[in-house]
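*Asks:* Below is a structure I'd like to ask you about.
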Amino acid sequence: MTALAYPQELKPLTSLRFIAAFWVLLYHFKDHLGLGMGQFGLVADGYLGVDLFFTLSGFILAHVYLSQFEGGRFGYGGFLKNRIARVYPMHLAALGAMIVLFVGAGVMGAGVGSPEAFKWSDLPAHLFMVHAWGTTQAVGWNFPSWSISAEWAAYLLFPLVAALVLKAQRWSGLVAVGALALCVVSFWGLSNLHSVLPWVGNDFSQMTAQIGALRILPSFLLGVALYSFGRTHAAPKAWAWPIVMASAGWVLAVTTLGMWEGLVWFGLAGLLYGLAETSRHGVDAPMSGRVFVFLGAASYALYMIHLPIDIVWFHALERFGVTETSDLALRVGAMVGVFVVSIVASVFAYLWIEEPARKVIRKLELPKRAPAPQPSGAQ
């Protein structure tokens, strides 16, 4: 048992959230303006940034709640209220933005995509965050929010995951290795599931609306298991950054050298563990810098609002004649511009929507249970 505990705030992991969100944006913007961004493996595999988010989520929730669970202080209702406060306001705001865009485009006679992606009958599933549970035929409305629906499923199952991991605390290393192996095996299994169930899609990146709630589980379990292992097994201080660099190098190698993408989980797991170790040992600069951490805090807003920005930005460019045949410098500038606008907009959304709404919801009192009736004659 290590005597050196993790600090209350794991700043490098907050910063890592921004990197994960930026990775996803690269993936979603790659096909615009004919810049050939998709030829770079790291960009082409940017969908894995979502799975990095899933693993991060498990790790951070374990960091915040596992000790409460151990001590019998964990309240399921309060936990879910805090999770709703964390994810729902931005989910609702981004969904509202997409509805406004869709209706506005219809009024103006323009299109924002396939009508199948904007089915009014799918809205209830989106509002209840169950649209990645097989309740819709395809991703729709604010497409990236399928992962929030998957997160909601993981939140509901968190007590079960926490109980299983704590039950095996003595073998936390084996549990972490087993969870890592499960991620690799499930990547292979889900990627080949289309041979049995053609409707789920033929690529892991398409495992969204139909089985997104299943896709998250191995990654989320890995995050919880990594934390359970890490809190009792500290790496030497001198090893922290080498672990981070080796893990980042592994992710880069897998994505750029054409290796099987399932192997990326070894790098993602190492990144989480290594960055947490830099925080434990107080050697977390530059990942603990104020700007980097703030961008990490705003990364959820960045992830949630980048689709409406994508639609407005690239439609506007097309209207102004900026296309794949335009001057290269103009196209590069336009691509840089959409990233800048997305980041700036996410900061405002975080400060003006996400944080104020989160604070309001967290202050709400849950209904208290009525006391059990006393037996007749009891004193």
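Backbone N, Cα and C define each Cβ position, glycine as well.
In TrEMBL, annotation is done automatically, which means it is predicted and not curated.
So TrEMBL has the following annotated:
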TRANSMEM  12-29  transmembrane segment
DOMAIN    15-346  domain 'Acyltransferase 3'
TRANSMEM  49-66  transmembrane segment
TRANSMEM  87-112  transmembrane segment
TRANSMEM  146-166  transmembrane segment
TRANSMEM  173-191  transmembrane segment
TRANSMEM  211-229  transmembrane segment
TRANSMEM  238-257  transmembrane segment
TRANSMEM  263-279  transmembrane segment
TRANSMEM  291-316  transmembrane segment
TRANSMEM  328-353  transmembrane segment
*Asks:* For the transmembrane segment (238-257), find every same-chain residue at least 6 residues outside the stretch whose CB is under 8 Å from a CB in it, and list them.
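*Replies:* Apart from its flanks, the transmembrane segment (238-257) reaches 40-42, 44-45, 48, 263-264, 266-271, 273-275, 277-278, 280-281, 283.
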*Asks:* May I ask you to check whether the transmembrane segment (211-229) and the transmembrane segment (291-316) make contact, with contact taken as at least three Cβ pairs under 8 Å and only pairs 6 or more apart in sequence counted?
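*Replies:* Judged by the Cβ rule, the two regions do not touch, with the required three close pairs absent.
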*Asks:* Could you pull out which residues elsewhere in the chain have a CB under 8 Å from any CB of the transmembrane segment (291-316), counting only those six or more residues past its ends?
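*Replies:* Same-chain residues near the transmembrane segment (291-316) but 6 or more away: 11, 13-18, 20-22, 24-25, 28-29, 32-33, 53, 86-87, 90-91, 93-94, 97-98, 101, 110, 112-113, 142-145, 148, 337-338, 341-343, 345-347, 349-351, 353-354.
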*Asks:* What residues elsewhere in the chain lie close to the transmembrane segment (49-66), defined as a C-beta under 8 angstroms and at least 6 residues from its ends?
*Replies:* 6, 10, 13, 16-17, 19-24, 27, 74, 79, 147, 150-151, 154-155, 158, 161-162, 165-166, 215-216, 219-228, 231, 265, 268-269, 271-272, 276, 303
